[in-house]
């Protein structure tokens, strides 16, 4: 029983072994002898290396990849250096011609009289007032000569002693106005808080600054605050409304200050001599009176026969001391055609006088006698 139990424990302990331990324990066992002899161990040796390379968590593959990339970059850099080999530095030359649209031209070297190709990307210091990189025809420049694909090329092009190049006259200039210049609000200058505090402090203390300080402060204010002159004047009302007062009768009276100054004569009947009586004056400056035709006066219609007789009767009944009836008065329509009795009272309620003759004359006596 004891031997069987020991065998069971040994089997249970060997089952849960990790694969790494099994792999580590495998090389310790002696390798089986093969009939070939020494050739078998040489063939079995590369197996661990293949296992490490195939392991996804291993570091051998990324290291090899990074090394290959670095080597390729170094090779490319070396090839570029080999292509852009520097032949001369700080060489002076004269621009033969330069096309701004295409962006390339040629420079004639002063030492060897050789034409060197120049591209706009080779210009190192451009004119700050120019929008595009360029060099002007006949301009003296300083540059480095490098070996290009088709011949000598210019690089690091600047003016003499490293100053910016002048540029071509055909190149576009940059905009001259400052950003936001036209968007500024044009109005009177703003008051500075510091100046207001200084003025307030001087007035509160109760003494005036000396004359020299006033001169300096005035000059400083002129420098700080530019004089603002409006281009047009704003008038709310016409000038004839200024200095005048209006009353209920629409009479235009001068300002009291003008009366005190003696510009207008004495007052007569409550109205000064210089004042003029005018029609109704409107305060609204946009008011326009209605158009009235100024033609000849219209003729009045001739009075009717009955109206003429009434006027004669009124003149006869009214005495010399009685006031005349106002003009334009017309009697009602009902009283026009009524026959008036001889002794009827007049319109004013007074009876006709005894001495006055009746309005209707009697028939002549000759006719009466003949009738009898």
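Here the Cβ of each residue, glycine as well, is placed from N, Cα and C on the backbone.
What you are looking at is a predicted structure, and each value in this text was computed from that prediction instead of being measured.
The feature compositional bias 'Low complexity' is assigned by Swiss-Prot to 7-28, 35-79. Residues annotated as compositional bias 'Basic residues' in Swiss-Prot: 222-238, 327-340. If you look up Swiss-Prot, you'll see 314-324 marked as compositional bias 'Polar residues'. The domain 'CSD' feature in Swiss-Prot is assigned to 93-157. If you look up Swiss-Prot, you'll see 2, 34, 134, 201, 203, 204, 324, 346, 369, 370 marked as phosphoserine. Per Swiss-Prot, the feature N-acetylserine maps to 2. The omega-N-methylarginine annotation in Swiss-Prot covers 251, 326, and the record cites a large-scale study or a structure entry as its basis. Look at Swiss-Prot and you will find 1-82, 181-372 tagged as region 'Disordered'.
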List the helix, strand and coil residue totals of the domain 'CSD' (93-157) as derived from DSSP.
3 helix, 34 strand, 28 coil
List of residues, in chain order, with Cβ under 8 A from that of residue 134 (phosphoserine) and at least 6 apart:
98, 100, 103, 120, 123, 126, 165, 167, 168, 170, 171
On the 0 to 100 scale, where does the mean pLDDT of the domain 'CSD' (93-157) fall?
92
